[in-house]
Structures are given as structure tokens and as C-alpha cells.
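Taken from TrEMBL, the feature domain 'ABC transmembrane type-1' covers B:94-277. Residues or ranges marked as transmembrane segment by TrEMBL: B:37-55, B:98-124, B:145-168, B:207-225, B:232-248, B:260-278.
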Amino acid sequence: MLELQGLTRRFGTVTAVDAVSLAVPDGQMVGIVGRSGAGKSTLLRMVNRLTEPSAGRVLWDGRDITALRGRALRDWRADCAMIFQQFNLVQRLDVLTNVLIGRLNRRRGPLAGLTGLLGLFTAEERARALGLLDRFGLAEAALQRAETLSGGQQQRVAICRALMQEPKVILADEPIASLDPANAEAVMQALRQANREQGLTVLCNLHQIEVARAHCDRILGLRQGRVVFDGPPAALDAEREEAIFGDTAPAAPGPSGPARAPAPPGAALVR
Amino acid sequence: MSGARRGGAVPRPSPSEVAAWRARMPRAFAPAPARRALRWALGGAFLAWLAWALWQFGFTPQRLWNGLSGLTTILRLMVPPSPGEQWAEILRGLGESLAMAFLGTLLAAVIALPLGALGARNVLTVGLLRFSLRRVFDGMRGIDQLVWALAYVRAVGLGPLAGVLAIASADVAVLAKIYAEAIENADRRQVEGIAAVGGGRLAQLRFGLLPQVAPVILAQALYFFESNVRSAAILGVVGAGGIGLQIAERIRVRYWDEVAFIILLLILTVAAIDALSARLRRRLIGGPGAARA
């Protein structure tokens, strides 16, 4: 189980994430929604500590992740694979190598580090990567440079890299924000599939609430770094949606910013 | 996404699956035999050439060892560094070197900017003119600063003027090439934005292009200035003024302690310039919003 306890991150005087506490049972798919700047990315990045928390803790099965250092931290990062909005593939390396990179922290043995750096992956590892790529219809592109692929293909390669890590958790930071609707749907289905078939816990940042409704077990609404909604998609009605996305801040007295009609439910595209 | 296999995380492939993949995509497991042979051949040829070159130049452990002991003698003579009697001379030379480097770089940058713009494909669309200009840059780049210095010492006489001209001549072509490339790599869309508001050719350059390349222009000029302070030490040796003359004289009479002192002074000066130019760059280029070209 993944637990966040009072997780907080401040940038100067701005509090990006404000005392978020949360328990995610294994195998749950959580959609985190909110406006740009609500703290979604920061929250996700604190889980694998690409961003260090200012206060609070992250626990995995009772183990304090926030205290990990060095080797143990790298092992944890391998355990929770991250998917990025801009894919973060190494553009000049071929697709196969990009996927094999997912094994780097999984290789064991006296020479594993060295052979990994030299790119001397075993035949078994290569076959495994090819099998994975094949599942996403990308085996034929294995020897092309990553930069020659379309955005949707690149994101699927990134998912292959993530699955090569044999993770326990997948952190997806706006995985579909740079994709067209068809590719977005394919990527969301791939995440859902990993979640259902392999029982992976998935935390997925989204700014399209209807996508979160369609694919997630649980929705977390973030506003100005605080959790303003936490529940199943069915419980997210128009009023609660307004609390996440609306122009009036829930805590602010009186109107702030120009008056605007509340967005119709299911159409709250915030960008 | 269709036709997905059910099962564990990433199923460990069985040996027969590995073999099947190897048969289907052999290149994913190893480079083609011809390619591998070529790699070995090229690697072998390179090593043989390296060994031959080292042998030709007499790179024997014996000579290296002897050279090392000669070097330690010099190093011993350098301790402790001493300014000697001629403090004022040394400081004057250092000041002269600084001035030469500054004037030379400034002159080079000022001339290189328009030349660079003319050498850029997206500014000057007349192919022939651009091509000839680029070849002139190439030609000038082929001549080293030291050669320019020797020529100018004959032309305008001993002293810092020859140094300034040598630095400027050697750097104009290099800077022009760097500036031309920076201009070519600039984002078209920003220039298009200026064209779309009805801006003329010059307005497009001024507002669309210049703000994009200003950081490169400044950063390169500062880097060249720093590098030229160092090379100004060499120019003095051939009579083009500056601290180099002081160094050359002292080496001739083996006042190694004074040479060491001048070298330390040069290191401090370059470090100071480096720190200053880093601050200047941060101020002028800075992050988003800080730059105004």
C-alpha cells in the first residue's frame, strides 16, 4: 500500500502541495485531476523523489520512502516507473535500447553495472524487450531512432520502458496531454491493462476529467495543492467538479477573477 | 493494443522464444557480420596508426621520463614565486595584455555580427554571395593568431597595436561562423510573428532574430575575451606587446621564480574575468524575463 502523510512542497513562498494525506491500496488506478498549477506534477514527483518534499512522508508497505538514499532510493525509483508528458525517451538512441534502459537497475551480478553501461544486454533481455514492444505493435520499429516515431508511438515505447522495470507502481504525469484523441485512448488503455492484468498501482495526472472518469477507480481532485475531492468517479457531481476546476476558490471569500458560468459537467477542459 | 497476451508483468522469454526473436530480428541482437568485421578492421587500423605515429614522434618511455625530470627541475626553480625587481613592468604588461584582448575581441565581435548575419542562410538568400562569404571565413580561419601577429608586427611595428589587430583578424572569421550558425538555428516562428504584424525586413531581424541570438553573441564574445587574455601571453613572445614579452625575457635568462609569479598572476586574472563574465551573463541573459535585447 502506498501512503502519503502530510506531504508538502514549498517553492519559495508558494506552497505547491499542501499537506496531502492519502492511502492507495495495491492495484488501484487513481486519476489526479486539477487545473494547471494545482500541484499534480509536484505531488507525483515527490512519490519517486524527483522532487524532494518540504515536509511529510511517503510510505510503501510501511517503509519510509522519504528517508531512502543512494542505492535504496534508486531501487525504489525502479519500483515505481514514471511516464512523462513529453515521453522523456533518449531521442538519439534506438527504440530497443530505450526499452532496455528500463532494466538498468534490475541487472544483478558483479559485471552487471559495467555491461549495462556498455549496452551489452543479454539475448534474453533483448527478447523480452522485443516481446513487450510487439504487444504494443512496435516490434518492427525496434531498431529505429526514438525521434523518428510519432508522439503516440513514443509514449507507447515509454510504457514499454516502464514495464521493463517490472514496477509495483506506475506514476503517469499527464501521459496523454501531448497526444491526439486516438493515441490518448490507446495509452490510457495500456495503463489500465497494466493495472488490471498485473495489479499495478497507477497514479495518473490528467487535466481531462472525462478521461479520469472513464478509466480510473478513484479520482483525486487537487486545487492549490490541497485535496478538494477524493472518491469514486460516480461521486464527482457538477458541484464538486466546480470546486476543483471553477473560477472561485473554495476558501476565498467573494469572487476572484471574472465571473464565468460554471462549466457543464463532463466538459471541464482546463488548459 | 489488441491481441495482448495475458499473464505476468513481463513474461521471461523461454530459450525457444529468444531463438524465435533472434531469427525474426537478428539485428536486434548483434550487428551484421560485415558491419562487425568493418568495425574491427577500422579499430585495428586506428590503433596501428596511433602506434606508428607515437613511434615516429619518438614517444619512448625513456624520453618521457627524461622530460619529466627536466620539468621537475623547472618546477623546483619556480618555488617560491617571486615578483623580482620589476613589479611595475609586470603590471604594465598585464594591463597591456588585458587591453589588447578586450579591444581585439570587441573589434572582432562588432565586425563579425553583420558578417555572420550575411553568412546565414535565413538572412541572406543570395546563394552565391553567401557561399563566397563563407569561403572567405574558412580561409581566414585557416590562419592562426600567431601568424597574423607575425605579419602585423612587420606591417605596423612592434607593440600592442599589432596584437590587437592579430586578435581581431583571427577571431572575426570564427565568431562570424558561430554567429551565422546561431542565426540559422533561430526559431523561424518568432520571426514569422513579426512578419505577421506587418514588420519589415529590418524589424524582423531586430525583434524576431536579435533577441534569440543575443545570448549566444554575448556569451561567445565573453568567452573569446577570456581566451584571448590567455593567448595574449603568447603574442608578446613574437613582439606583439603585453605580458608575453615579460615572460619570454625571463625564460631566456632562466628566472623561473619570476615566470611562476607572472603565471600565477595570469591565472588569477583569467579566473577574475571568468567570474565577472559569468555574473554579466547571468544579468544580461538570465532566465525568462530577464533578457532584453
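Cβ from N, Cα, C; glycine included.
All annotation found in TrEMBL is predicted automatically rather than curated by experts.
Through the fold, the transmembrane segment (B:98-124) approaches residues 130, 133-134, 137, 160, 163-173, 175-184, 186, 188, 191, 205, 209, 217, 220-221, 224-225, 228-229, 231-232, 235, 240-242, 269 of its own chain, all at least 6 residues removed from its boundaries and within a Cβ separation under 8 Å. Counting same-chain residues at least six beyond the ends of the transmembrane segment (B:232-248), those with a Cβ under 8 angstroms from any Cβ of the stretch are 86, 89-90, 93-94, 96-98, 100-101, 145-146, 149-150, 152-153, 158-163, 166-167, 259, 262-263, 266. Long-range contacts of the transmembrane segment (B:260-278) within the same chain: residues 78-79, 81-84, 90, 94, 98, 222-223, 225-226, 229-230, 233, 243, 246-247, 250, each at least 6 residues beyond the stretch ends and with a Cβ under 8 Å from a Cβ of the stretch. Through the fold, the transmembrane segment (B:145-168) approaches residues 96-97, 99-101, 103-105, 107-108, 111, 228, 231-232, 234-236, 238-242 of its own chain, all at least 6 residues removed from its boundaries and within a Cβ separation under 8 Å.
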